[in-house]
Amino acid sequence: MYALALFASLLATALTSPVQDPKTCSGGSAVLCRDVKTAVDCGAVKHCQQMVWSKPTAKSLPCDICKTVVTEAGNLLKDNATQEEILHYLEKTCEWIHDSSLSASCKEVVDSYLPVILDMIKGEMSNPGEVCSALNLCQSLQEYLAEQNQKQLESNKIPEVDMARVVAPFMSNIPLLLYPQDHPRSQPQPKANEDVCQDCMKLVSDVQTAVKTNSSFIQGFVDHVKEDCDRLGPGVSDICKNYVDQYSEVCVQMLMHMQDQQPKEICVLAGFCNEVKRVPMKTLVPATETIKNILPALEMMDPYEQNLVQAHNVILCQTCQFVMNKFSELIVNNATEELLVKGLSNACALLPDPARTKCQEVVGTFGPSLLDIFIHEVNPSSLCGVIGLCAARPELVEALEQPAPAIVSALLKEPTPPKQPAQPKQSALPAHVPPQKNGGFCEVCKKLVLYLEHNLEKNSTKEEILAALEKGCSFLPDPYQKQCDDFVAEYEPLLLEILVEVMDPGFVCSKIGVCPSAYKLLLGTEKCVWGPSYWCQNMETAARCNAVDHCKRHVWN
């Protein structure tokens with residue numbers, strides 16, 4: 001409401017100013033566009049908007065007030081206020097003017113030219129200076145500079161502002177003359193005032209706090225500097241804003257870099273504080289102790305290097321054993337060969353990726369020939385070792401070079417557990433352990449289960465375990481977090497089923513197949529155990545492997 005009152009007062013003042021020869025409209029833009037009243041009387045409103053009023057304006061108090069009032073009037077129009085309501089409010093505000101003649105003139109202007117003014121406000125909301133130029137409250141910047149140059153030409157006196165600009169470069173070089181910069185920085189610098197040093201440290205500390213706690217501080221700081229540029233006067237303010245736009249990004253980067261630096265150090269570099277001669281050395285703490293303090297639930301690696309099998313081979317082994325067990329169940333039920341392959345394909349679909357893909361590869365490669373092998377009641381786990389997807393038993397190494405009956409006999413024997421060689425003692429590994437290659441999840445599985453074991457109570461429900469799984473990865477160090485998220489996304493259903501019963505890291509991770517056996521014995525070189533992909537290459541290999549009938553029925557048909 002106060003803005004409208006001020007707006008009406010400015011209208012009265014502007015539109016009652018005299019115009020040279022108002023009866024004629026042949027005086028050019030200087031006369032036509034002097035104010036809105038003359039432009040309306042001569043029908044030159046559009047011409048003045050395009051050619052005169054849209055030009056940059058000089059800075060002045062009436063112009064700034066007018067721009068503010070025009071902006072407020074535009075906001076009032078956005079609030080869906082009708083023209084009659086605005087007219088009524090403006091007429092009421094005209095009555096508040098103490099000068100009776102100005103009050104009457106205000107009402108006359110409001111009644112006569114309000115529609116034209118409101119149309120201009122609606123059309124030029126982004127440039128309120130155009131409306132204020134029409135009201136003769138803002139002066140063209142070009143006209144203002146021309147008047148200043150004319151005044152300077154009419155007088156022989158050198159303006160004071162020019163003298164200051166001439167002297168400024170010489171004054172700025174005086175500190176360099178008094179304190180040459182060629183000396184090494186190790187020499188003591190002039191003592192700075194303690195009060196100035198304290199003020200600098202407080203300012204830097206406040207800025208650092210604002211940068212850390214207020215995300216909009218940087219943009220607000222730049223906007224505040226631009227507002228200060230407006231106080232420098234016409235011409236110079238535009239140059240100031242140009243410098244701000246050009247160098248503000250560099251200043252922001254410096255502020256972000258200094259947010260973790262000590263205020264005293266920054267003020268020393270700026271010359272407001274005395275240079276610190278000595279800085280006490282921080283006490284070094286072993287990395288293992290630092291990590292334990294940050295993550296109490298995270299245990300370090302064992303003091304010896306584990307020779308782990310890649311998780312890629314573990315997935316193949318677990319998939320093969322799953323397929324073989326399903327195959328045995330189907331054979332017991334006297335299923336046909338077509339149903340066997342179809343049933344195995346359906347079983348593969350139940351596995352998570354990438355085990356699903358590997359399972360389909362096993363079925364596609366060995367499925368048609370598995371029936372012949374299972375006739376001899378071969379152990380599924382042993383067969384997976386023969387075809388190279390699981391660790392082979394020692395007694396199979398020699399048998400693989402023998403004919404097929406010898407291979408079957410070796411497969412039917414009970415497996416004997418291999419002796420584990422003693423682990424050589426080595427120095428402790430560093431605290432930072434990179435993730436395994438090929439997407440291995442063994443280490444991250446152990447650390448995640450260990451975290452759950454330390455932070456969950458016994459007999460925890462599935463919901464509690466699931467909640468702990470979803471946030472547990474965020475407590476691991478950075479090298480493990482992404483790998484942990486992938487691990488949980490892939491093994492979450494299987495993990496839940498096992499963790500409800502037991503939370504031993506070694507058992508759980510071995511149970512789901514991400515931590516394989518540390519040793520894998522080499523297989524023999526007998527190619528006939530490679531399966532149909534080798535048997536059915538040609539008639540010669542099929543005959544040598546006694547698989548001619550199989551290749552004719554399943555591959556060559």
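Yeah, the Cβs are placed from backbone N, Cα and C, and that goes for glycine too.
Here the structure is a predicted model, which means the values were calculated and not measured.
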Per Swiss-Prot, cysteine bonded by disulfide to CYS273 (from CYS197, CYS348, CYS359): CYS197
Cysteine from CYS359, CYS384, CYS515, CYS528 that Swiss-Prot links to CYS442 by a disulfide bond: CYS515
Per Swiss-Prot, cysteine bonded by disulfide to CYS348 (from CYS320, CYS359): CYS359
Listed disulfide-bonded residues CYS138, CYS229, CYS273, CYS320, CYS348, CYS515, filtered to Cα within 10 Å of CYS200 (disulfide bond): CYS273
Whole-number Å value for how far ASN214 (N-linked glycosylation site) lies from CYS240 (disulfide bond) (Cα to Cα): 26
DSSP three-state assignment (helix, strand or coil) for CYS200 (disulfide bond): helix
In sequence order, the recorded positions (ASN80, CYS229, CYS267, CYS317, ASN459) whose C-alpha falls within 10 A of CYS197 (disulfide bond): CYS267
Rounded Cα-Cα span from CYS273 (disulfide bond) to CYS359 (disulfide bond), Å: 71
Listed disulfide-bonded residues CYS63, CYS317, CYS442, CYS515, filtered to Cα within 10 Å of CYS509 (disulfide bond): CYS442, CYS515
For the disulfide-bonded residues CYS229, CYS484, the one whose C-beta sees the most other C-beta atoms within 10 angstroms: CYS484
Local confidence of the domain 'Saposin A-type 1' (18-58) - pLDDT mean: 74
